[in-house]
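Visitor: First, the structure itself, so that you have it in front of you.
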């Protein structure tokens, strides 16, 4: 790194989140829309948490993982939406360098945890459908706790490594982040350092917390579908499928939006679509999850 780059880096104290600034006439309607979404999201997930804790009949592995997911979604929304709402209301879309790094850290941490939690829930549904007689023994409290703790620890470790590498990079004159929160790719574009190492490590880490859990989830559901098709009665097949339908819907929506956001080419023409799909899995998903499971 040259002396000039070091000097420029010391003067970069904040970034500008461009967000939805291209629509000045829609700032108030967007503020009201996202405020309603945030309020309903927090209320729904907190109610799910309270219900699972208070109701003894819901002290089962599936609802244990669901309570973890509700806690995650509450933190998830609070990481992104308050800053977005403040930008709509005041017009100030600046975010400090340290706040940006912290926002990305928490965001990446929670995304990683959610991927592992969804995989753990698919394993739970696999045992419930394919090994019903041994389910209580195999999915005991100790195993549930170990799976949940492993999900949270893995997400924390992966996010810590990526954020540490990002924080070591130099950020020069470019301060505008073409997104509504500090995501990896838009932040990296602001760096004047060589990004090869951090992108390679991020790709490897992302594969461990998205691709591997996704493949595990797909394999679990293949075995679940095979077991359901072997059930002789139609009533039995419907009952077996109903035990995992909510989770299957949630997994499908979550991974579809992730693939659309991170696998589409990062061209200028697709920036608006990337923002739209990002809104779906960062803002809409936390409100959809409790609705799917309560229904």
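From the backbone N, Cα and C atoms, a Cβ is placed for every residue, glycine too.
Quick caveat, the model's predicted, so the values are computed rather than measured.
Take a look at what TrEMBL says about it:
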DOMAIN    44-293  domain 'G-protein coupled receptors family 1 profile'
TRANSMEM  30-54  transmembrane segment
TRANSMEM  61-81  transmembrane segment
TRANSMEM  101-123  transmembrane segment
TRANSMEM  144-166  transmembrane segment
TRANSMEM  204-229  transmembrane segment
TRANSMEM  241-264  transmembrane segment
TRANSMEM  276-293  transmembrane segment
Visitor: Among 30-54, 101-123, 204-229, 241-264, point out the range having the most Cβ pairs under 8 angstroms from the transmembrane segment (276-293).
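Guide: Ranked by Cβ pairs under 8 Å, first place goes to 241-264.
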Visitor: With an 8 Å cut-off on Cβ pairs and a sequence gap of 6 or more, do the transmembrane segment (144-166) and the transmembrane segment (61-81) reach 3 or more such pairs?
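Guide: Per Cβ check, the transmembrane segment (144-166) touches the transmembrane segment (61-81).
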Visitor: Using a Cβ-Cβ cut-off of under 8 Å, list the residues of the same chain that are 6+ residues beyond the ends of the transmembrane segment (204-229) and lie near it.
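Guide: Those are 111-112, 115-116, 118-119, 122-123, 125-126, 129-130, 154-155, 158, 161-162, 237, 240-241, 244, 248, 251, 255, 258, 262, in sequence order.
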